[in-house]
Amino acid sequence: MTDAPETATPATGATRSGFVALLGAPNAGKSTLVNRLVGAKVSIVTHKVQTTRAIVRGIATHDNAQIVFIDTPGIFKPKRRLDTAMVTTAWGGARDADVILVLIDAERGIKGDAAAILERLKDVRQPKVLILNKVDRVDPEKLLKLTATANEAVEFERTFMVSALTGSGCKDLLDFLAKRLPEGPWYYPEDQISDLPMRQLAAEITREKLYLRLHQELPYSSHVETEKWEELPNGSVRIEQVIFVERDSQKKIVLGHKGETIRAIGQASRMEIAGILEQKVHLFLFVKVRENWGDDPERYREMGLDFPH
Ligand SMILES: Nc1nc2c(ncn2[C@@H]2O[C@H](COP(=O)(O)OP(=O)(O)OP(=O)(O)O)[C@@H](O)[C@H]2O)c(=O)[nH]1
């Protein structure tokens, strides 16, 4: 990774730092785990699969170490161009990392995407750590069997059993990572938890509210962009965002009866953004129909993805 800013804050004593990639099937709990380890909300969690489109990093400081998490998009069988780009980017991120965490939903077990990830990991040289997640839902005997099966398939340095939801096992994982990363100066200032620009984070928050409210009706093809960000003299901020959908019928769903739905989404998003910024927010949401945006190379660059050829 070479894109880190040169403004790191040195801590006293020998510092450690490095990049940790999270690989896992859709819905394995990657975003929940990053949020838990970082201790603040940086990556968006919904119960829909494949919601993490851009690579979002969370930064945890633990003991003397700065741990930069690369929250990869779900690794799954690509169907559309956009999906292919996400998979390529996810594996690229893994190869740049100092440590790879392989997250498996212990309730689902090792099948489908999880099995495919283990298979592909055989060619990856970086140190690998197995994380069995959602242990709050699984009995210990099954966990032991899963551990054995996964370790037969891939050489893992360690296995951790965690619940990203309750936090169980997460401190042990942080302790391990803090010691495992190489010695070196920190990449980011101490108080920084994500290098996702605020505009993009604000768009992610609106996207989360959109999915939480319309999860049944709305396809993944919808997308939110922050188009305007204006700091006003009275200390408040005016934000304009556009929700892009692919069809007129979807636009109607997002607007809702007499604009009820978009108003509720806007209100929930505004409150959360204001909480993070600690300033008053005026949020204006617009809905636009944009067909086939998934095939537009410009969109890929905006999301930090490679356009597949
Ligand atoms: N019971 C339980 N549920 C969990 C746990 N961790 C995550 N979940 C739930 O699993 C679902 C998926 O979690 P995410 O963190 O969005 O999963 P993800 O791997 O980031 O998903 P994608 O972004 O789609 O790849 C959410 O409903 C979480 O609340 C856990 O430890 N226990």
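A Cβ is built for glycine as well, from the same backbone N, Cα and C atoms used for every other residue.
Listed ranges 105-108, 133-136, 213-216, 293-296; the one TrEMBL annotates as region 'G4' is 133-136.
Within the set 15-18, 71-74, 139-142, the record from TrEMBL flags 71-74 under the feature region 'G3'. Ranges compared are 50-54, 225-229, 230-234, 245-249, and TrEMBL records region 'G2' for 50-54.
Same-chain neighbours of the region 'G4' (133-136): 24, 28-29, 33, 103-107, 143, 161-166, 168-169, counting only residues six or more beyond its ends whose CB sits under 8 Å from a CB of the stretch. Within 10 Å of the C-beta atom of K30 (GTP binding site) sit 29 other C-beta atoms, taking all shown protein chains into account. Residue counts for the region 'G4' (133-136) by DSSP state, with H, G and I taken as helix and E and B as strand, are 2 helix, 1 strand, 1 coil. All protein chains shown were included, and the count of other CB atoms within 10 Å of the CB of V135 (GTP binding site) stands at 22. With a 10 A radius on its CB, N27 (GTP binding site) counts 19 other CB atoms from all the protein chains.
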